[in-house]
Structure formats: structure tokens, C-alpha cells
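So the structure is just underneath, and the comments pick up after that.
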Amino acid sequence: MLRNYLLIAWRNLLSNKVFSLINILGLAFGIAACLLIAFFVWDELAYDAYHPEGERVFRVYNESTEEESGTVKFHVTVPPMFAPTLDEFAEVESTCRVLMALNYLPLFSQGKRQIYEPNGLFVDSTFLELLALPLRYGDAATALTEPNTLVLSRPLAEKYFGPANPVGNTLLLDGVTMRVTGVLTDLPARMHLAPSFLLPMATFVTYVEPERMESWRWQQFFTYIKLRKGVEAQAVEARLQSVVKAQAWPQTQSSGSHYLPFLQPLRQIHLHSSQFVWEIAERGNIAHVRALTLVGLFLLLIAGINFVNLSTARATRRAREVGVRKTNGALRSQLILQFTSEALLVAGLAFSVAMAMVQGTLPWLRNFTEKNLGAELLRQPLFWVLLLGSVLVLGVLAGFYPAWVLSAYQPIRVLKGKLESSGRQSVFLRQGLVVTQFALSALLILSTLIIQRQVDYLQHSDLGFQKEQLLVLPLRGALGAQLESVKEELLRRPHILAATAGYGLPGDALATDAVKLPGREGELTAAVFTVDHDYVKTLGLEVAAGRDLSREYPSDEHSAFLLNETAVKSFGFGTPKEALGQRLDWDMWGKDSLKQGTVVGVVRDFHFKSLREKVAPAVLHIYPEAYATLSLRLEAKGLSQTLAFLEEKWHEWVPDQPFTYKFLDENFEAMYRSERRVGTLFRGFTALALFVALLGLVGLVIFTTEQRIREIGIRKVFGASVLQVVTTLARDFVGVIVLGVGLGLPIAYFATQNWLGEFAYRIQPGWELFVGTGILILSVALLTMVYQFRKAALANPVDTLRYE
């Protein structure tokens, strides 16, 4: 019997090719989109799931409340948070610190081979055990205990030593001999940290003044803890906050700011850290994951609506078949089974087409997201069981209602052609489903436009400085020792407009530091930039009051400070002009060291961090000992020749190190990579959703045309023009679509406000986005309808009425 049902279903599909194609393509697009989105969502949700005891592992983060910046979340913590504080908590099984050397790109040397290697971390000896990272070679208990040693990732170890065990061999790291003590096994594919090499914290502390390691203000380290079994995180949080209130708050209360520590579960770091500053983790965004999940479900819903709509619309065309079958003794259950079999056949064909679409699209999506999406899921038998089960359920759900409606027809009424009243509920249902389709389409389109407008705003906002054409070189070897002569020689080159040395550029991972006001207790927090006399000019900062740092004032090198406007307010100096001449001290962290000076100028606020964050207080001053980079303002003209010249001069000044550089705008490109990706995915899937909705509309228009073909012929016989016929037929659809758009737009507005709230600087969606969305949907829908209705209206009424 099932075989007969499937044969009948196949014949019905072939006899209604247009409707069948629309149904199959619509479902296929919905299933394919859902699968692709599911691959991405699963990958994001699976971060740090590798850890067997991950539920006991947390990372400490702070929430700081400041008068100017409001509440700021950040993961960097102070040195005493690790020891003696957490080390002495009985509830804590183990703890470790992680430090990314800010703006530091170490040079690895092996014989004549020299390569800059990124992604290195300073870590405590407990790092491997706490994060459950086994070693391929070496002893995890001792590998990170001694200074001047390092642990390599497997790719890095093979890069320098081949497949053999390299433990005991040495490498030069910035001229210092480092002994290899371990090699990591392959890191988990979805881990929030992806280090290429690990250096013991014991190495770092040898370069730092002891005073820094005792400060409750120097927030530099990422601190991880593993709680003992049965310990509640809230209890440890409360105890940790009590310590911070006692130790840190007395030092910070004068600045109007304070911070409190909290614990973030390991599994939440990747997706729940988008609003954190100074972050080293590979970050996703839970809002993006939820939004894409909804997009996938909406697409599937739109495709399912198409199926139900077209199936119920075709009910009258199959009414006589149902009447004949019921007259011949067919039971309602048999009819439901027959029509459900047809739905399952369509779902099965759609699934096959969807899998072909996925296979064709997946390579592009993997390349675009830089993730090996679906590789693990596609190898899991359970995944296929769930997937095929979902398609089965989808087919049953999508086909059951049309089957129920068709099987309920009364044979006598059907065979007499009296179906108008019985189909009234189906008409209302179809209209309701069309409203839902276009409400979802409007929601997706407006959301996409708002996301794209915000991304454009992030990329093209005035940041308060000129980020384009600014090339950054690391200060290495003799380059730093001959800095002034190097700058003079470079500036003689026609296409090099300005040059500046310093530490701290907009977009860099710049930690805050403490400054002091004479006569005031405690310290103030600010981003401290160490610059030279040409920093303001080279970056294009604007002086709001006072003057720039200048060689005409020799005292500027040791006793002058510049502030930004936010620092003026935060420090309580009043207006920029009133800030001039104010005293300011900066602790250089050396023994008995304190730089004392006055404010000589105020620069306009400039965005040196993401636009997610408000502009923070900034202090600029000259301190050559900290210079790390040389930045050059270039003309776009002759760029390739300028780069060749710079490489030639580099090898002249630093002959023993490879040439390397970056452009400053790369920092800001990286900041918003996640938003750009999500914006692109939204555009693609939203266009697909609109296309699927239009497929359904085409099907309904064709059905309406066939159903009203006699009416069209009669109207034309009585003199109706093509325009009048098209207008009459389209009127009902336009009202339904307008209602759907009207429902979808406000939902999209409120949904995107939550996402926009992540940014301190954001757009306000204007009326033009709402109007544009409505016009776009109506225009495309009208073009679709007019094209189909016009063909019907142009038909010869004689052919239409020949058999009446």
C-alpha cells in the first residue's frame, strides 16, 4: 500500500511541476540554510567543551564603575589577585595567571633562520593542569617552572625541529637563549586561547620592578581559578570582593572609580565577553548566535508556510479526486496517509537538494568564517539520525494540515462542486500565513539594514585622528639607539610626511596605568601613552587648549603632560583651559621614581579603543625608555616604492632581523571583524528568506490566477483593461503584505536595540530605513504579482471561456 501511495504521490508531483518545484526549492533552501547556520552555531557553542572538569574552572573579571565611563567590564586583574589572595583561599584548588605581552612580537632565531612569532603567552606553572592541556613531549608538572624556558605548540616545534622530540634543544628569543621543555599536543579546535608558545611567568617577573607586582592598581594579568568540588562560585566571589574592598578601594576612591571582581565560567568566556575590554580570548558573541539561530528558524518557517499554503491552495484542484475516493470507500485515515506520504516525498526530495546545496556552499562558508564548520558533526551518526528525524517530522507537520483539510471534504458536496464555503477557513489560514511570511521578511531585512548601518558607522566614524596611511615599525636593534637620526633620514624621503616614536597607538591593547595629583590621596586611572614631540602631529590629533609637546621647550622631555578632554573632566580640572598648568605625577614603577610635571596642553578626545567603549581618560608624555614602535605617515602615492625603500633602510639599520611592519588601520579592521561577518551572513540569509517568501507568493498568484481565470475572461469581455484586471487581482495580496510588513518592522526595531546597546557609540535607526524596507518588499512583491497577473490578463478570453 505504501508503494502505491508513493507512486500516486510521484505522479501528482509530475502533474503539477510548477507547484512541486516551488515546494521542493522552498523547503530545500530552508533546510540548507538551517543546516549551515546550525554548523556555525554548534561550533560557537562548543568552545571550551573539551575540558573534563570545565564546570569548576573560572576566569576572574572586574567591573569598574567610573564617573565618566560608567560601568566597564574587563578581564585583566592585579598581581596580588593571584598571590597572596587566591593562593590562600581554601576553596580554590589551583590558580594561574596569563599575560600577553602588549604589542610584543618576539623574534625567534635558529642559526641564520629568523622569524617573528605571534601568539605567545606568559603563564604560571599550573597553566597546563588547570586548562587540561597535555604535553606531547616533556613533563607538564615542571615544564613551566624555570626562567628562560619555553613550551612550543606542535606546529611551531615541527617548524624548527621537525617531528623529533625537541625537549632540551634551544632557541634564541630576542637574543636570549631559551631551552625547550615541552611540546603541546594539538590544541582543541574550539578553545578561547590559541597560543603558539608558552613562557614561564618566572621569566616575566625578572624584568618587572617588585613594586609593580605588589600593586592593586596595575591591572595586567588574566587570572584563572579551579574550585574544589562542591564549592559555590558565589561564595568565592563574595570573599574575593571583600579583599578588594579592603585593599584596592582606599587607593581608588579619590578618582571616583572602583572595581569589584567576579567569576566567569570557562564555557562562557568565548560567547559572553563581547563587551569586555583588554581581551585576549578568541571572542564570539552570544547575541550573534541567538540572532542567527532565529534567522535559520525563520527561514525554515517561511519554507514550511509555503508548503502548507500551496498544499491547501491546491485542495480544490484535488477535491474531485477526494470525493471519488471517499465514494469508493476510502477512509479518512487512508486519505491522510496518502497526502502525508506526498508531503514526506517532497520533504525527502527537498532534503536531497538541500544536502547538495550545503556541499556546494560549505567550502565558501568555512573560508569566510575561518572555521572548519560541520567537519565533526557530519561524522557523527547521532547527527544524521537527528537530521533525518527532523526532516521526517517536518514533512509530517507540513503535510498533516493540508491532508486533514482535504480528507474532511464531503463527497456529495465535492461532486456537486459546492466547495466555496468549506474553503473559507483555508483562505483565512493562507492569508494569515502570508502575513507571517512577510512579517518575518520585514523583520530580517530591517535588522540587516540596521546591522549594516552600524558596521558602516564603526568603520567610517571620525575617530579623532587619521588612521589611514600610518605605517608602524617595531623599534629593534640599532633603530631605537639612532632614533632621531633615523627619523631625519626618513623624512627626507618625498612620500614620508611625518614620523613619531612611542608606546601606545590607537587600537593597541593598551592597559591602564595610575597617575597622581599632588595634594590628593590615592591614584587616578588613565591610559598612559609614552610619545615623542611628533606624536600629535603624526596622528593628526587636534589641540583643544594649550600647546603640543615641543623641542622648543627642553623641559617637556621630563616634566610635561598632555591630557585628553575626558581626562580633564575625570581629574576634576574643569575646562581644558583651566587644566593648563595643573600638577600631575606619574609613578615610573622604579624604586623611588616619580615623574612630576604640569599639563601643557589638552587634545580633543580620540578613540583609541573600540567604539563599544566610551573614550577613557588619556595621558600623553615623553618617556623614551618605553618606546616600542616607529610610526610613519605616508602618502598613498608611490606606496610600493616607499615600502621598498623602508625595507632597504631596515636591513641597513637592523641587518640581523627580518623586515616587518603593519598599518594602523589593521587594528580597527580586526576590532569589528565579527560584526562584518555577521552582517554578511545576515545579508545572505535575509535575501534567501525574501526569495523563499516570493517563491510562495508566485505559487499563490499562479493558483489565484487559475482559480479566477473565468472571472478574468468575463471582465475582459465586458471591456476591462489589463491594468484594471491586474489591480483587481493584486488588491487582496497587497493588503496582506502591507499588514505583514507593518507587524515585522516594530519587532525588528526593538530586537536590534538590544544589540546596538553593546556599543557606546551607535546609530539611531531613522525613518528612512523603515520606509525603505517597506518599499523594497512591496516593490519586489508587486513586480512578482504584476508579471504573473499580466500574463493571465493578456490571455484571449475566447480561449478562457471556450468550455463554459
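Any Cβ shown, glycine's included, is placed from N, Cα and C.
Summarising the annotation, TrEMBL assigns domain 'MacB-like periplasmic core' to 20-242.
Marked as domain 'ABC3 transporter permease C-terminal' by TrEMBL: 294-410 (among others).
Annotated domain 'ABC3 transporter permease C-terminal' per TrEMBL: 685-795 (among others), in sequence order.
Sequence annotations record features per position, and here TrEMBL assigns transmembrane segment to 21-42 (among others).
What TrEMBL lists as transmembrane segment is 291-310 (among others).
Annotated transmembrane segment per TrEMBL: 335-362 (among others), in sequence order.
As annotated by TrEMBL, transmembrane segment applies to 382-406 (among others).
Per TrEMBL, transmembrane segment is recorded for 427-451 (among others).
What TrEMBL records for 681-705 (among others) is transmembrane segment.
According to TrEMBL, the transmembrane segment annotation covers 717-749 (among others).
Taken from TrEMBL, the feature transmembrane segment applies to 769-787 (among others).
Between the transmembrane segment (291-310) and the transmembrane segment (681-705), the number of CB pairs under 8 angstroms, six or more residues apart, is three or more, so the stretches are in contact. Across the domain 'ABC3 transporter permease C-terminal' (685-795), the model assigns an average pLDDT of 82.
Spatially, the transmembrane segment (427-451) is adjacent to the transmembrane segment (681-705); three or more Cβ-Cβ distances between them are under 8 Å for residues at least 6 apart in sequence. Where the transmembrane segment (769-787) meets the stretches 21-42, 681-705, 717-749, the count of C-beta pairs under 8 angstroms peaks at 717-749. The list of residues near the transmembrane segment (717-749) in space but at least 6 beyond its ends in sequence, with Cβ under 8 angstroms from a Cβ of it, reads 431, 434-447, 450, 697, 700-701, 704-705, 708, 765, 770, 773-774, 777-778, 781-782, 785-786, 789-790, 792-794, 797, 801.
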